[in-house]
Structures are given as structure tokens and as C-alpha cells.
Amino acid sequence: MEPPRKEAKDNPSASANLLSKIFFCWLNPLFRIGYRRKLQEDDMYKVLPEDASDRLGEELQRYWNQEIQQAANDLRSPKLTKALIECYWKSYLLIGSYIFIEEVIKVIQPVLLGKLIEYFESYDPANSPAVSEAYIYAAGISLSTISLTVLHHLYFYHVQRAGMKIRVAVCHMIYRKALCLNSSALAKTTTGQIVNLLSNDVNKFDEVTLYLHFLWIGPLQAVSVIILLLYAIGPSCLAGMAVFFFMMPVQTMFGRLFSRLRAETAVLTDERIRTMSEVISGIRVIKMYGWEKPFGALVDEVRRMEISKIMKSSYLRGLNMASFFAASKVIIFVTICVYVLTGNKLSASRVFMAVSLYGAVRLTITLFFPCAIEKVSESLISIERIKVSILQLEAIYFPVVCSDYFSSLLSAILGELSQESGVIKVKGELTYTSQQPWILPGTIRSNILFGKELNLKKYDRVLRACALKRDMDLLPGGDLAIVGDRGANLSGGQKARVSLARCAGQQYRKMPAYLSSVPGCRYLFFFMLFLLCRCICGLLRKKPRILVTHQLQYLKAADQIVVLKEGQMVARGTYSELQGSGLDFTSLLKEDKDQDEQRQNTTPLSGPVSGLPHALSDNSSMSSLSSSRYSLIEGTEPLAMVGVCKALDFNWKKVFNQACIKLLMYYAVLMLVFVFLSGLTATSVVFGFVRSLIFFNVLVSSAQTLHNNMFNAILRTPIRFFDINPIGRILNRFSKDIGYLDSLLPWTFVDFIQVSLTSAVIAVAAVIIPWILIPVVPLLVVFLFLRCYFLQTSRDIKRLESTTRSPVFSHLSSSLQGLSTIRAFKVQQRFQQMFDEYQDLHSEAWFLFLTTSRWFAVRLDGICSVFVTITAFGCLYLRDGLEPGAVGLALSYAVTLTGMFQWGVRQSAEIENMMTSVERVVEYAELESEASWETDKQPPSDWPKAGCITFDRVNFSYSASEPLVLKNLSLVFKSREKVGIVGRTGAGKSSLISALFRLAEPEGRIMIDGFLTSEIGLHTLRQKMSIIPQDPVLFTGTMRKNLDPFKQHTDEDLWNALQEVQMKAMVDELPSKLETVLTESGSNFSVGQRQLVCLARAILRKTRILIIDEATANVDPRTDGLIQQTIRDKFQECTVLTIAHRLNTIIDCDRILVLDAGMIQEYDEPYVLLQNQDGLFYQMVQQTGRAEAASLLHTAKQVTTSTFREIVPL
């Protein structure tokens, strides 16, 4: 919740004078800074008020709302296209005046050129009026060239800015609707889809605005040129125009094919980004299970299909470009042939006037007009995708498979679930801490304050009440320590307490009600008791509090208790009132008491004792709330590319050299063809087509290589990388940067190669007028300086544009993960404001990217205008002895140079700028890799047989720059031993498991059955162990895919595993059974059900070592009992390590390991540990309460007695 950055500088373009705005002189200070040093974010200018995200978004939203209302009245589907047109048509139409005047001048300029050449055809030294007239024509050519320079860049500046405005407005609207997503809507729309909308689809607005005006300019200009050509060469021009008009439907066909391929590619890109999002989100589990290769194959397959579509699109684009450059040659060839064959005599003035007229219309008819069709087609597809997503975000309701009625109650109060009947009334404002803690990237302090001002006294009280004071003292940087995406560098308990402190801090100010969904499940008994006394019943005692919990021992502190059964309220009252009511609440309590008595009166025959043998109901139902009319809050207060070289295998000498050699071979072959073919025109056409196809093939293949290398590097990098890099930042490389490499970079590179050939114009002019090289030399020096001067700043701006884009995606991803919390705190407006600030920050960089490009282009075209002026007046000054044809050739080529030259140079600069994306991809492709997946040293196929684990002087840290989290650990987990691991949050429990799985390389020695784990391949090691993680990780796909992702088991095995976890009946009742599709992260199942699926997955793996990392943190006691009983039954022959906060789940273990601050405090049998009254474990047991402590002690004693009888039969 921290602001993106400090206040930016005022934008000088707002106060610039007219000349400064035309020639972008207001950017000069920025270029001076950029030439001296590297540009930073603080060097950027504030976004102009009319470009601000909130203003643009609200304006478009108003038109969209009107369109929705109108569509409802007309009984039709709303059209986002109509809303966009109504919002922007006036301003965009006004911009068309620039291009209209520019195209008029383009048509007039060839006439002036023809008149000047006519002077040389009828040259008479004594005719002074003709000389004066010729100078007027030369001046007209020069002035028209300068005018074209100014108008061209003003037009493109304004249309690009218009495209930016539309993109920003649509992004604002998408995010605004995303904040309204309910839990059922999230099942339909994934994070990857929304990220793809913001990274790819909205960019079509930047492209379509460039060419849209040519849809009406093109036909007008064609008619004007035909009239002038009829005047110049008569009806023969119709033959050339026929070629033009033949090209238009061909180009249109290309556009339609391209649009279809674009639509197909977008679907595959969505699928790839969604899969990537899930892989990154679940990377810890993927690494622990050794699933990198199968998931890599999954992404590779989607990418292979995607690149196939991209390659076809690139071939179409190559044919499109080749036809554009070939068209001018074919048109002139056909026109001259028809003109001569019809008995006309060629003259230089007529030929070059015709050539220039064709040149004026060539770009519009064969490039811009087809491009407009292509971009409009693409944009319509993107607009439709955006519209569908927005409509989905506005209203989606379908059932969610869930049996967690407690959390459903809170969701209904928060408005996250819609009621079928009845009324929910909430007076005042709410705060909420969710079952799975939500942490924003930023400091711990910003997560707690959540946008509020800091009051040190109250803030300190909140830290103490939430048991965070000691954590702040231990963490480097205290509460200003930066936490990664989703709080990756905090323990589960710390995340939960930070989330609780956020609520307590808001409540402590003014909020009247507090909701908590099972927060205590992530705390040890000590912390839960502490938080109950100091926070919930202390700091918040004057507020109504609703606490959803499975921990029945704390219900005595409640003012009122509401008992839910299958979504209905079956009882309500105080603890004493419900104790004698005979309902389910009492039966749960009595069941606990009966178990206590049974423990005291019964001696177990063998094996561990089950603490909670509750059975999970086989019946499942759709989550809903009954129509019980009871207010939980009313009344009392209850407690309820040089870069391209790197791109190809990261080494110019290895891959791209080979590609270049291939290209040179192709060129050599094509040159031989050129020599032997008699038709030069046909040769150039074929040459152009083949060249384009080859270039596109090589460059798109390079993008594929880059993507594969980056993805492989991501899969192999240590887990620490994902802890410190937000998911949005990583996905940005796979969406935006790879998108550049796939489509934009190949097109730009091929375009640059073609346009750069226009430099031959200078050579042609020099042959005709050799002295022209004298002014060319200083102009060339100025050009080289400008290019160097520009690139110094341009690279930094492109880098800033990329880096300021990432926070937009990170903020979107974080917001989607914490939607319930955002809405509970009613901070949607604040998060929308933050999103707008991130968008404005990116717009600042994008605005500079647009304007600096125009600054450079207008100066390059200025140099070309000077060259045209020198050529025109030079020809007049040296008119004696000059042939009309030579003059026409020099001048027509010189005029062509304007625009083309600056475009080619800018394309070369753009290629260098796009190398930023290449460098960003290469940076990830060269990430540090963890140890090898396979090594030469292979243990036996049946290893490990016993499952004995030995830690010998083990130290562990997640990175070399961080302090140790495990210190000098030496211990042995015996074969088939069941070991419980306890300790306060941050004690190193989960880090011990990370060391065992080698998620980071530990110091010291860890051995399993005598084999040193550091000498074994990571996959060999990890695939021989099973883990049930702290947070259940499921993937989008069927139930079958989540149980058996790689089809290694039969259906019978899958059903048996589900039967073991008592989910067979529930899955069997689903319409598609094992083929039932789970939504993103399995969100259409409750947390407990997801945990049971993870348990079934572990049962299927059949390994000798099982690790349970707080797997029961989010489940009720019955599900906890079921999981514990299943583990005892199915993993009797396994070594089981259990990290738990509920002491009753590990009290019957063979031994208990107590950790504190990364060191072993105690390690022995539970009963032995409880004899040491000074021990940490004894204190933890006592803090659970007298009755619970006695029960735990009795269970520990029974386990010890049972074990003794097994070893020494009586």
C-alpha cells in the first residue's frame, strides 16, 4: 500500500510555445541529462492531466454504462466498440486534418517535380522567366518537403497519444471490474487471462489508431492521383492503378487471414500464460515433487502450437511486406510498357511525374490501407475478448463445490456470496482477516497500516497485541523489512499475525466489526491463547467480533456461539446454554470428553493412539446459507536483438552466426538467380518474397529458442528467486517481452533491412551531381551525432517503460489474490487509485518514448529536407549540361528519401530499444541454476528401503547474503519413526524440510539410508519423498489430472486413493466425476477438500518418507482427525515428519523435535519431554489449558507404555 514514488516533475510540454511543440524542443533538457548520465524514474515528467488514468477511465466507463443501458433497452448485447467510438470520435477525427493536409501536399509535390523537369527538357539559357519559374518550383518542392516533415510527425504523435489514452482507459475499466469479482466469478476468469488482456490485447489500440484514418484517406488519395496521372500520361495510368487495385483485395485477404491466426494465437497465448502463472504459483510443490520436466513439456507443447500460428502469421506478414515493396516495381513496369505500346513517346517529366505520383499513393494503398484493415480486424477481436471479460467480471454466478460453511457465512456477510433468499444487514464498516493470509509486496509496516497514517503509540500496541514485537526485533530492518510477493519470506504464522494486525489496526481506529476466518489454525496454542487474550478479547474487546474457528477449547471466551450444520444455523447461545442443549455442538464437546475418559480407562494394544477419530461425511452439497433470519452483529457485542546476437543461445558466435551464414548463402544463391534471370523485375519480386520469408523464419525461430531457454532456466533456478520476485514481474517477461520477440522485433528488423537500402539514393545523386557529396558530409556527421545522442536517452526510456510496466501487472495479481480482504476493508477506491498511479507512472515513460521518437524523427527528416533543397537548387545552379532524366532520377529519389530515411534510422534505433526485451529475457535465461536433476551417482532403484534420515552439523540459509535459519543441526530420524516438529513461528520448522529437499543447498551432511543427499540428483532425491504442503496446491484441469498429472496410475488406483481420504462419494456425485474441472488453484473446492486431494496424491506416490508441513492448518478437527488416521493407516511403514501447530495431532508421535531460532531445544519422546517442567515443550502444553494439558499428558503416557510393551513383551 506504499505510493509508487515521490512527486514527478511538471511536464514542460504543457507550457511549451508553438514552435517548441512542433519540433519537440521542450525535450532538449531531458536529452542533455540522458547524454550525461543514466535516466531514472525521477527524471520523467508528470503525466498530462488529460492523459491521467482515473480521468480517462471514468470517462470511458460513463460511455460504457450508457451503452449497457441502451443495449438493455434495445434487447441486444452491449458493444464496447460503440462506447469507444462515442468517447473518442471527435478528438480522433480532428487529428485526421493533419494527415489530410499531408496527403494533399504529397499529391501536389509530384506536379511541381514534373514542372521542374519540364524546364530541363526545354532548357533555354536566354529564357530568364523560365529560370525564375524553375526556382519557384524548386522552392515549392523544398517547402512541401518541410511541410510534410512537420505534419507527418504531428499526426503520428497525436494518434499514438490517442492510442495510449484508449489503452489506459480500457485497463482502468478492466481493473475496476476485476475488483468486483466474486468467488464464483474467479472460477471463470483466471489471473493469466486478465494479465494477457492488459499485456497484449489492449496494445492493439496503440496500433490501430496509427492507421485507422487511412481507411478514408486511401480512396480519396487514389482518386486524386488517378486524375493527375490521366493528365500526365493519359489512360496508360489505369494499367498501373489496376495493379494497385488488384493488390488491395490481396492485402485484405492477408488481413483477414492474419486476424484469424491472431485470434487462434491469442487463445494459445492465454493458455500458456495461465499455465505459466500456475507453474510459478505452485513452483515450490512442483520442485518438491520433481515435476519440472512434465510441466516443462506441458508449457512446451502449448508454446509449440502457439509458435506454429505465429510462424504462419509471420509468413503472411512477410508476403504482405514483400508485395508492398514489389508493387512499385511492377506498377511502373506495367505503366511504362502500356504507355510505350500505345504509341506514346516517353519524356523524363512525364515518367518521373508518374513515378512520383505512384510513390505518393504507394504507401497509402499498398501499406497503410491494408495495415488499417489488418489492425482493425485484430482490434475487433481484442475488443470482443475484452468485452466478454468485462461482462463476465460484471456478473457471473454459478455454484461452488464447497463444504466450508463457516467461511461461507463470512463470505455472505462480506457480500462475496449471493443469497438466494432473505436479507443480510450490516451496520457500519467491517474488517476481515482471511483463512489464507494475504500479504502485499512492500514493507510489513505498509501491510499493517494498509494506507492509514502512522500513530506510533497505537501501532506499537497493535504489534504487541498480535505477538509481532519479537518478530520485528529479529527481522533485518524490523517492520520496514521488504516482504516478497505473497509474503514469501515470512513464515505461515507470521503472515497470519501480520494479517491479524492489519485488521486490529483498522479496528483500533474506528471500525465497528471484526471478522476472522479460522486464524488460529496457523498458530501454536500459546500464540492462539495470547492473541485471544491480548488482541481479540483485549485490544478489540469493545468491538463486535465474529471468529470462525475449529478450536473448540476457546469457545468459553465467546459471548455468543452460533452452531452451523450443513449450512444451517442449528443453535445459538452462550457456552453454558449450548452445553446442555444436546445438539451437535454438545456432541462434539462430549465426544472430546468421551475420548478423554476412554484414554484413561483403555490401554491400547499397539500402535499410536488416535486423538480425533472423527469421520468426514461422505455427502457433499453446494455451499449455501439457510434463510435463518439472525443478525450476527446487531445488539450486543458477541465474539462471533547486438542484442539479437545474445538472443540466440545467448552467444553471437554460436547460433546467430550460423543463421547469418545461412542468410549469406541464400543471398549468394539469389544473386546467381538474379544474373541468370532475364527479367529484372521478376527477379526483384521473387528476391523480395524469399528474403522476407527467410528473415521471418530465422527471427521467429530465435524467439522460440529464447522462450525455451528462459523457461528452462526458470524451472531450474532455486526457490529463492520466486520468493523475492513478484509473479507479475516474471509473467511480464513471458507475456510482453516474448510478445515483442514473437511479432514486433521480426517485423521491425525486416522493415529496417528493406528501408536501409534507400541509402543508395545518395549514391545516385552523387553520380549525377558529384559536388553534392560536399554538403552530404557535414549532414552525415550531424546524422551520426544525432543517432548517438538519441540512442543514449532512448535506451534508458525504453528500459524505464519496461520497468514501470511490471508494477501494473504485479498490482493486478496481488489484488486478485486478496479481493475478499480489499472489499472487506472497503479499500477498492484506494487500490483503484494505486492502479491508476502505476498506470500514470507507465504513461510517463510511454509518453517520453513517443515524444523522443518524434524529436529524433523530425530532425532526421529535417536533414533529408536540407538534402532535397540542396539537390533541387543544385540542379538549377548547375543546369548547364544536365540531362532531364538525370535530374528527374536524382530529385525523385531524393524526395523519396524524406520519410523513408528517418524511418529506417528510427527502425534501427527501435531494434536497439527492443533489445531491452531481449536483454530482459536473456537475463532470466542466465539465472543461477540449482544442482543437477540427475547425477552419475544413482542409489538402488528401491532406495530408500528404511527411510532413516540423518542430519550432521547442518546449517541452512536461503541465500548466501541472508542469516542462517538452521544452526548446527545434528539429529537422526529413525526408520518408520513418526516425528512431530514444533516451535514458534519462524523457528525453522519449514526450513528443515527445505534443507531436506535441497530447495537451497545446506551446509553439513544430510543422509538418507546412508546416501549423502548432496551427491544425488535433485529429482532422484525429491521423487523418493512425498510432502503434503502447508498450502494445498491444485492446478487448473480435471480431478484426474490433479491426482495423477502424468497418467501413471489406473482409475482404480485413483478411486482407492479418494476412498482413503473419504472423498470418493463427493467426487462420485459430481456430474463429470474424475473429469470434473477444477478452477484456477482449485478455488471451487474448500481448503480442507484441497488438502484431502493433496493427501490422496501423496498416497498414490507410495514413498518411504512422508513430510507433512502444517497440512491441517486450515481444516476442522474432524478433517484433521481423518488426515491423521489416514496417515497412520497408509504410512505405517514410512518415516513420517509432521510439522504441526495443534499439539494433539503430534502428541502420539514416537518422538517430538522442538526448535527455536533454528536450533534444537529438545528432541525425545513426548512423555519424556513432559517430565521436564523447565522444558519448552512442557510450557507449550501447559499453555493449552489445564484440561487439554492433562489430556495431552495422558495420551503421551499411553504412547510410551504401548511402545514399551511392543519392545519388551510382558
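The backbone N, Cα and C atoms fix where each Cβ goes, glycine too.
Taken straight from TrEMBL:
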type: TRANSMEM; residues: 92-114; note: transmembrane segment
type: DOMAIN; residues: 93-377; note: domain 'ABC transmembrane type-1'
type: TRANSMEM; residues: 134-157; note: transmembrane segment
type: TRANSMEM; residues: 210-233; note: transmembrane segment
type: TRANSMEM; residues: 239-258; note: transmembrane segment
type: TRANSMEM; residues: 319-341; note: transmembrane segment
type: TRANSMEM; residues: 353-373; note: transmembrane segment
type: DOMAIN; residues: 361-591; note: domain 'ABC transporter'
type: TRANSMEM; residues: 394-414; note: transmembrane segment
type: TRANSMEM; residues: 523-540; note: transmembrane segment
type: REGION; residues: 596-623; note: region 'Disordered'
type: TRANSMEM; residues: 663-690; note: transmembrane segment
type: DOMAIN; residues: 673-913; note: domain 'ABC transmembrane type-1'
type: TRANSMEM; residues: 757-790; note: transmembrane segment
type: TRANSMEM; residues: 856-879; note: transmembrane segment
type: DOMAIN; residues: 949-1182; note: domain 'ABC transporter'
Positions whose Cβ lies under 8 angstroms from the transmembrane segment (856-879), at least six residues beyond its ends: 23-24, 116, 120, 123, 131, 134-135, 138, 141-142, 145-146, 148-150, 152-153, 762, 765, 769, 771-772, 775-776, 779, 782-783, 786-787, 790, 794, 887, 890-891, 894-895, 897-899, 901-903, 905-906, 909
Average pLDDT across the domain 'ABC transporter' (949-1182), rounded to a whole number: 83
Beyond the flanks of the transmembrane segment (92-114) by at least 6 residues, Cβ under 8 Å: 137, 140-141, 144-145, 147-148, 151-152, 154-155, 158-159, 162, 209, 212-214, 216-217, 220-221, 224-225, 228, 232, 349-350, 352-353, 356-357, 359-361, 364, 888, 891-892, 895
Long-range environment of the transmembrane segment (239-258) - Cβ separation under 8 angstroms, sequence gap at least 6: 222, 225-226, 229, 313, 316-317, 319-320, 323, 327, 330-332, 334-335, 337-338, 354, 358, 361, 365-366, 369-370, 373-374, 377-378
Distant-in-sequence neighbours of the transmembrane segment (319-341), which means Cβ under 8 A and at least six residues beyond its ends: 233-234, 236-237, 239-240, 242-244, 247, 250-251, 254, 258, 351, 354-355, 358-359, 362, 366-367, 370, 374, 681, 684-685, 688-689, 691-693, 747, 750-751, 754
Within-chain partners of the transmembrane segment (353-373) [C-beta distance under 8 Å, separation at least 6 from its ends]: 103, 106-107, 109-111, 113-114, 117, 208, 210-215, 217-218, 221-222, 225, 228-229, 232-233, 237, 240, 244, 247-248, 251-252, 254-255, 320, 323-324, 327-328, 331-332, 335, 892, 895-896
